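Reviewing the structure listed below.
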Amino acid sequence: MLLRTAAASASSLSLFSPNAEPPRSVPARGLVVRAAKGSTNHRALTGVIFEPFEEVKKELDLVPTVPQASLARQKYVDESESAVNEQINVEYNVSYVYHAMFAYFDRDNVALRGLAKFFKESSEEEREHAEKLMEYQNKRGGKVKLQSIVMPLSDFDHADKGDALHAMELALSLEKLTNEKLLNLHSVATKNGDVQLADFVETEYLGEQVEAIKRISEYVAQLRRVGKGHGVWHFDQMLLHEGGDAA
């Protein structure tokens, strides 16, 4: 016991002795401890060292010096720029048609306020889509070029279907047409390797477009069930109070 205590005391004292050697770690049984041959702190993970001041030179040469040229533009081809401008025109045209439908159903001798509300909101939504595309065009360094808008119809009555069903079927066709145009825009982006434009179309438009087509398809089916009579009034009331009571 005395020998063990003395050995333990000597070991304890050696920890505080300035001349004592540091304790040697003893590897666990079955393990082999090897010292690292060299530090890996400065090794490149891929074997390629990034040299920003060298690699940025070619980009620096591409920075425009004329005031008319965009400074933000990068990997944004003319075809993509034109396709975005075309989609802006599509959104504005559809918005204009929906606005005409709003005006029709808001007439005193038509008086379907729910349908008027629905088409007014739809018109505003399409205009927002156009404005979002315009903002994106500027963000990528493109130039917004607004095109002419076709004058829409002012009357939407139909002898066989009635005005509500006729207008809703037209709206469904417009949403499907808009979806086709968006898919074309996405194809242009994909063809030119513009992953940012493709992501923008996917994130901001395509999913929402599918939802709109489904919603209006259900409205068409419901209007076909109720016919042109009293059921249209009940359908209109549903739209009027959808999302909260109307003023």
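Every residue gets a Cβ built from N, Cα and C, even glycine.
Note that the structure is predicted; figures quoted are calculated from it, not measured.
Straight from Swiss-Prot, the features:
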type	residues	note
TRANSIT	1-40	transit peptide
REGION	41-73	region 'Extension peptide (EP)'
DOMAIN	74-227	domain 'Ferritin-like diiron'
BINDING	Glu91, Glu126, His129	Fe cation 1 binding site
BINDING	Glu126, Glu175, Gln209	Fe cation 2 binding site
Integer Å distance between the CA atoms belonging to Glu126 (Fe cation 1 binding site) and Gln209 (Fe cation 2 binding site): 11
Neighbour tally for Gln209 (Fe cation 2 binding site), based on other Cβ positions within 10 Å of its Cβ: 19
Spatial neighbours, same chain, of Glu91 (Fe cation 1 binding site) - Cβ under 8 Å, 6+ residues apart: Glu126, Arg127, His129, Ala130, Leu133, Thr178
For the Fe cation 2 site built from Glu126, Glu175, Gln209, further residues of that chain with CB within 8 A of the site's CB center: Val94, Glu125, His129, Leu174, Thr178, Asn179, Glu208, Ala212, Ile213
Other same-chain residues whose Cβ falls within 8 Å of the Cβ centroid of Glu91, Glu126, His129, the recorded Fe cation 1 site, in sequence order: Val90, Tyr92, Val94, Ser95, Glu125, Arg127, Glu128, Ala130, Leu133, Thr178
Within the predicted model, mean pLDDT of the domain 'Ferritin-like diiron' (74-227): 98
Secondary structure at Glu126 (Fe cation 1 binding site), reduced by DSSP to three states: helix
